[in-house]
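Visitor: Sharing a structure below in structure tokens format, with a few things to ask.
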């Protein structure tokens with residue numbers, strides 16, 4: 001496994017679907033930060049299953065407990081261990097899995113990797129693992145907000161064939177996103193998505209979607225060329241989220257069809273005496289380093305692999321089988337993926353911010 | 001900086017545009033591998049500027065020297081240092097840069113990060129840095145080929161508005177790719193791309209493009225969930241290449257519009273008694289771990305920022321300026337990016353292969 | 001903080017004196033290993049306070065719970081989270097500390113580092129933190145024993161002025177060590193130590209001591225030159241244990257006074273056709289790599305800083321104060337340090353073993 | 001291999017005895033530092049062989065070249081590659097080694113590890129590898145001196161049976177140390193050492209010794225508990241130097257025989273309003289964190305394994321052999337080890353300083 005992430009703000013997550021608890025240890029959180037369970041619970045609640053009729057019927061309270069690292073509601077600078085107990089475990093739901101690897105799920109590859117079949121299949125690959133990411137991401141985000149005023153807002157920009165209208169990167173807020181349970185700030189498109197997802201749920205099918213994200217007020221200078229460029233770390237972080245298939249930043253794939261003369265972002269002096277750019281095809285990053293403009297990117301999610309329609313496949317022995325899954329799963333993960341994307345972004349940024357602070361502290365004015 | 005990459009096969013690159021040499025130290029290369037400069041030079045030649053009329057006029061021989069780590073043409077297991085001298089340095093070409101940050105280039109962000117203006121601007125962000133990547137990637141690729149029969153082939157699948165026809169993932173070869181200097185295995189589209197690029201070069205403009213890549217014969221089991229999933233490491237590696245704006249694997253962004261019932265890849269018994277999949281929307285990876293099917297992905301490159309058309313922008317003081325660059329640069333980087341994409345992929349895979357070998361060696365059959 | 005250790009077998013510990021729980025997340029444990037709480041509890045019991053009249057009066061049950069990473073008593077290859085609840089918390093015992101930094105304790109330096117005074121002072125520096133080390137070390141040791149037959153045995157070789165007679169490195173066992181609560185396998189010297197420690201406890205004073213350790217059946221080839229040589233990693237690991245002041249391996253400091261002609265260990269063919277050495281001044285390591293001979297080293301522990309005698313010192317403001325500590329503490333830590341030394345050694349070895357297995361798997365016979 | 005060291009100031013060294021060049025890549029050096037080859041050459045000259053009649057007769061100029069990372073004598077913040085060409089290569093001197101592993105040298109263990117016999121045996125384990133350490137350590141030391149006024153001074157405190165008188169930690173300087181070629185600031189003892197070493201050289205024998213080191217003006221707060229405590233990183237760094245057998249800090253092994261009431265370092269207000277300690281048994285570190293007092297430690301070196309006396313041993317096949325080495329080697333390494341110890345200390349400190357600066361920059365005053 002590689003369940004750790006970060007160089008100075010370093011997380012180490014744990015937990016599968018059916019163990020006693022899932023959680024995370026945060027090593028390197030600055031001291032003096034006011035932090036209680038409530039700061040973390042908000043994002044966990046946005047992530048948890050059963051929060052709306054669009055998601056899985058599984059009900060998981062997902063209450064976080066701080067085991068260490070704070071005293072009187074303030075961080076000590078020592079490791080912060082966060083734990084969420086697993087309450088609703090029903091391994092029995094996964095009966096056929098012992099002999100049939102589920103198509104496009106991780107049963108087969110986990111067996112290839114670990115040589116062992118867990119009752120929950122690729123249990124560690126389940127969305128439940130993301131609790132540790134979201135819990136630690138909430139801490140990271142709080143640091144970024146309090147130190148730099150960073151704002152991270154993600155939303156559902158597409159589901160199946162429906163694509164939301166463009167949002168204003170300067171003003172979009174989590175409150176606006178949460179106005180519907182699709183987390184799509186375009187109400188009209190959200191309604192179409194709802195209809196689609198509801199019908200897919202009944203049909204035992206699923207759909208993919210896209211989560212967009214904007215990050216405002218990132219100080220210029222974050223990102224560690226060459227191999228930890230800001231967009232490279234964001235790409236890694238986003239593709240580490242279950243079910244993701246693509247990442248694009250700024251102009252993205254569309255930029256590949258553009259000319260330099262239209263793609264280049266000319267500089268201009270902005271208010272506060274800050275050098276900024278008129279357009280933002282760069283997505284807030286140039287040469288792997290933030291330039292102070294809003295960072296914006298999109299993450300593609302495939303349709304969930306677990307569907308309740310019968311599927312023609314083979315068992316481990318290679319014999320033809322019809323698999324009919326019984327587990328309770330989301331027909332579309334993107335609404336619940338919104339806080340995961342935000343959390344991953346926060347984890348990337350806080351680590352790079354710490355590294356840049358170290359550099360600046362030892363810079364020589366020669 | 002973060003010029004190192006990998007956990008067990010670990011590279012550390014160095015060099016800017018105008019220093020004495022660029023290169024890389026490889027730590028963790030297995031011993032006993034036959035290795036000479038010729039093994040490395042091939043890919044460097046595919047990367048170097050001036051190789052065809054489509055690229056920059058700069059002529060750089062880019063001859064690699066092995067400084068350490070081999071004896072009698074065999075690796076010792078000790079660090080392999082590779083060096084390429086910088087011969088053709090003309091810092092004078094970058095005159096205006098002292099006062100005007102080039103739009104969509106790294107001059108401004110490098111200054112924000114390091115507090116210093118180098119004569120070559122964001123010199124470390126230049127494509128010249130990729131020599132270290134390509135040189136070490138050639139070593140990584142040789143290991144993968146000799147141990148597992150891995151084949152990594154990348155090609156230009158789009159440039160500007162032109163998109164090549166689909167290629168056969170099972171048969172596409174580097175020889176086929178190199179049949180034209182566009183590295184586009186669709187000759188008809190290649191001609192259109194050539195015409196476009198030639199005209200853009202004359203017009204002082206540039207275009208973006210897409211590089212596609214397929215990796216065959218990857219053993220099942222590679223990839224370290226959660227944060228170093230195979231697709232996550234590939235995404236990081238690709239977005240660390242200069243000028244990249246997007247990464248997608250398997251079905252990619254198109255998969256976000258699909259239904260689970262069409263996206264899922266049913267299992268089937270393949271020749272050799274290996275469990276495989278009928279379709280490959282997963283792109284050879286499930287749950288972050290290779291499943292033995294071909295890995296295929298695409299990388300979007302923006303148009304090069306350096307164009308010779310006059311650009312309206314501001315200088316560091318915020319005063320309006322018209323910038324007219326004089327440096328020699330590629331109007332389209334994707335043909336030269338092909339070996340860089342292949343090299344990055346090899347670096348990702350060899351490191352994950354070593355980690356999986358360690359795991360398997362200490363697996364318990366309980 | 002840097003509460004993680006290891007490259008492939010990687011631990012991340014958490015917990016201070018007065019938080020809800022202490023513990024550790026193990027990332028990279030091989031799959032298929034039989035593992036239950038009982039495998040871990042044994043060493044925790046040897047470490048815990050209150051186990052004999054020689055140690056602190058604090059009673060801490062220190063019962064470990066496996067939160068994740070196993071199913072049906074077998075490791076899954078996923079992260080193993082281990083937790084020990086804090087039951088006996090009496091922060092009130094540390095009253096004066098708010099204003100007076102305890103001499104030779106970590107109160108002052110933790111304040112300098114983190115800018116915050118925790119109720120338990122340098123709480124993370126307390127011996128309680130070592131629970132995570134010991135718990136994960138027990139897992140590491142089990143792997144080493146089952147795969148390679150490695151045996152790690154530490155013992156108290158000195159306390160205050162008393163030095164135990166030499167033990168036979170080939171036969172010393174944990175059972176022999178545990179025959180008395182001093183963990184000194186020289187009964188006569190153990191009695192003298194007991195008398196000393198008992199009298200020091202009454203006098204409110206403390207004493208230092210030395211823990212010796214031997215590791216048998218380590219395969220030749222472990223250790224990663226240059227900066228992670230086997231002795232370098234052991235030195236780091238041992239000096240990371242609270243209260244340690246020195247580390248020496250093989251001939252150690254005495255070797256500095258020897259001549260090469262007497263210090264060199266001539267080779268000889270040993271049973272099983274293994275090349276071994278006649279003497280073992282090298283301590284089982286040459287050039288940073290294990291040679292198959294027993295590894296033996298010694299670790300110096302200072303006397304515990306917390307004594308109940310009045311101490312003349314100053315408060316944070318610099319005003320003279322007499323400090324009289326009230327906490328319950330060990331007059332001599334070495335008996336309880338024995339399992340900590342063994343655990344640290346196991347953590348070092350299992351990580352290097354995994355790295356060497358990876359190397360060997362990809363070695364080329366050229 | 002593990003030829004890299006450091007988290008934020010990260011070095012990656014390369015080179016064996018008989019390759020084209022040895023050197024190092026420094027990743028993470030702050031920008032704006034004035035740096036030329038001369039800054040580095042001084043310590044390389046103190047390390048190089050042939051500098052006095054006490055050392056090996058091999059003459060190696062060891063001239064360093066900066067390949068990258070500076071412009072106009074100022075660091076750019078990009079990787080600094082340093083190279084020293086190998087001029088005096090005589091692999092022929094090592095004739096017997098192909099069949100006979102040299103006692104207490106690394107021939108056997110390098111073969112066990114890498115499965116390959118290099119012409120220089122454990123070439124990477126040779127003292128020649130330390131050039132990369134010393135070159136990068138010189139850069140680290142310059143940063144520490146200019147930012148914090150740190151002074152690092154090491155000296156020979158013992159060789160064979162001779163032990164120098166105590167030096168004053170507050171005043172000892174490199175100039176004083178270099179007054180004789182023994183680098184022993186006690187002239188009388190230095191003479192005895194010289195006589196011993198001269199006679200050993202003639203007799204084809206060697207002797208061990210001890211290097212002591214003091215570091216002044218280290219800011220309080222450096223060191224990353226738990227596993228990267230300052231003394232733990234120093235221990236790792238020192239035991240990574242070839243031929244080292246032991247490390248002790250502050251009271252060291254002698255402290256193990258002391259009582260808490262005599263070992264504790266009472267606090268006192270020092271000039272400049274800094275809280276300091278009256279005694280310094282802690283060696284400048286408490287709880288793994290620097291306290292502002294001088295850090296002082298000692299490193300034990302075994303006698304060099306290469307002696308020219310005939311040695312009774314066996315060849316790889318196990319047959320008895322008399323080995324008579326012909327290479328040119330030092331009868332005592334400690335004078336040349338002095339700059340290596342200083343360099344390693346600087347590498348440890350600069351990395352921990354960067355990490356502490358990052359922490360302090362994001363500390364919250366709550």
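A Cβ is built for glycine as well, from the same backbone N, Cα and C atoms used for every other residue.
Pulled from TrEMBL, these are the listed features:
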BINDING   B:47, B:53  NADP(+) binding site
BINDING   B:124, B:125, B:126, B:287, B:302, B:303, B:304, B:305, B:306, B:328  FMN binding site
Visitor: I want to check the contact list for residue B:47 (NADP(+) binding site): same chain, sequence separation of six or more, C-beta distance under 8 angstroms. What comes out?
Guide: B:62, B:130, B:131, B:134, B:336, B:339, B:340
Visitor: Based on Cβ atoms within 10 Å, give me the single least packed residue among the binding-site residues B:126, B:306.
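Guide: Looking at the binding-site residues B:126, B:306, the Cβ with the fewest others within 10 Å is that of B:126.
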Visitor: In the three-state scheme derived from DSSP, which category covers residue B:126 (FMN binding site)?
Guide: coil
Visitor: Could you tell me which three-state DSSP class residue B:304 (FMN binding site) falls into?
Guide: coil
Visitor: Mind telling me which of the binding-site residues B:302, B:304 has the densest Cβ neighbourhood, counting other Cβ atoms within 10 Å?
Guide: B:302
Visitor: From the binding-site residues B:47, B:126, B:302, keep only those with a C-beta under 8 angstroms from any C-beta in chain A, and list them in sequence order.
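Guide: Contact set vs A: B:302.
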Visitor: According to DSSP, collapsed to three classes, what secondary structure does residue B:47 (NADP(+) binding site) have?
Guide: helix
